[in-house]
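Features reported for this protein in Swiss-Prot:
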type: BINDING; residues: 156, 157, 158, 159, 160, 161, 162, 163; note: ATP binding site
């Protein structure tokens, strides 16, 4: 190690640390390591260069708590950005922002190491074809389909099933596509991260997923950069292995929030609502790397927390510009016992177009939405006057809409433990066939209950015969 790559800490302000170098100037985003002896244990603290202050002094952001740092301590420049392990060895493991495993297992030492700061694929490398990504979940595939290499926003409050949908998607991608997933917990509750790990272990999907956690309790640097750590692992599988990878970010709002904290600590002038002036650029730099190339794709599902339910807040607004589809979870649907509690009228997708999906899929999806909307409009009349006052046509619409509502429910593989009914993966062709039959009136003779918590329409027909 060159002597002049060793600097001295000159100032510590919480997570912001200034380091003086003589003769060597670390570049922006370069990692600097400090060895701290805290209460008899040696720990490695990584700092990331955020600004040059002049005269060989750099301002850095700490990737962990800065307790134990003192002025005059040695800090060693590494000559490169933070590097994390990638490849097969990361599957089934939990990592922190600097690529160390935090799951009590052995550290990953013999895997390729990639920098977390990377350029997005060149324009000529990117794939321009729009292709649907089949999830095996009826309501998603029919009404708000995901695109390969696209970005999906998962909106929902606490306890409506965001995590269960994420786990089911990981399971179905592993089963239906032989694909891999990467989960980045950005500013997550530590308890939720722990629950997710154990639930994945119990559902046998852990060996197909890499987990990266930067919890709420960590400094803003770790919460911000953890999204890049997870994305780098996903990029390896896309670029080197040619796979279709699913990338989960929970929660993308915390990425913007931690960026705003870092910006304030670095002394930048805040922008609207106190956010960092570079919010759109930071969000764009992350989202730009999530894309399809001619080799493989990264499809991302991002949980979006909306502060105070204000969709015009700059953080969620900066995410919307990048999304191809939105899956909205609704508490009222969950209260009816219909899971997944996806709102069929609020969820949307830019793929819902006859030129992309074909006429049949498009017409069935629109027919389902029209029937459900008409039922919603008739509910006030039903509440006041009862069903008897409706015309025959309206009665048919109400009955079909109730069957559609029930048929949008589906038993999940990862929820078998709670529901006791085996999970179902429903192919797109079966999904379209089932809803087409309900809309055309072929299922008018079947009882409503036969559509609840089944896979395809054939299963509902079998159930109806048993109920007679």
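Glycine too: its Cβ is placed from the backbone N, Cα and C atoms.
Given the structure is predicted, the values throughout are model-derived calculations rather than measurements.
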Candidate with the highest Cβ count within 10 Å, taken from the binding-site residues 158, 160: 160
Other same-chain residues whose Cβ falls within 8 Å of the Cβ centroid of 156, 157, 158, 159, 160, 161, 162, 163, the recorded ATP site, in sequence order: 329, 334
Under 8 Å by Cβ from residue 163 (ATP binding site), counting only residues of that chain that are 6 or more apart: 192, 195, 196, 199, 250
Nonlocal neighbours by CB distance (under 8 Å) for residue 157 (ATP binding site), same chain, sequence gap 6 or more: 329, 331
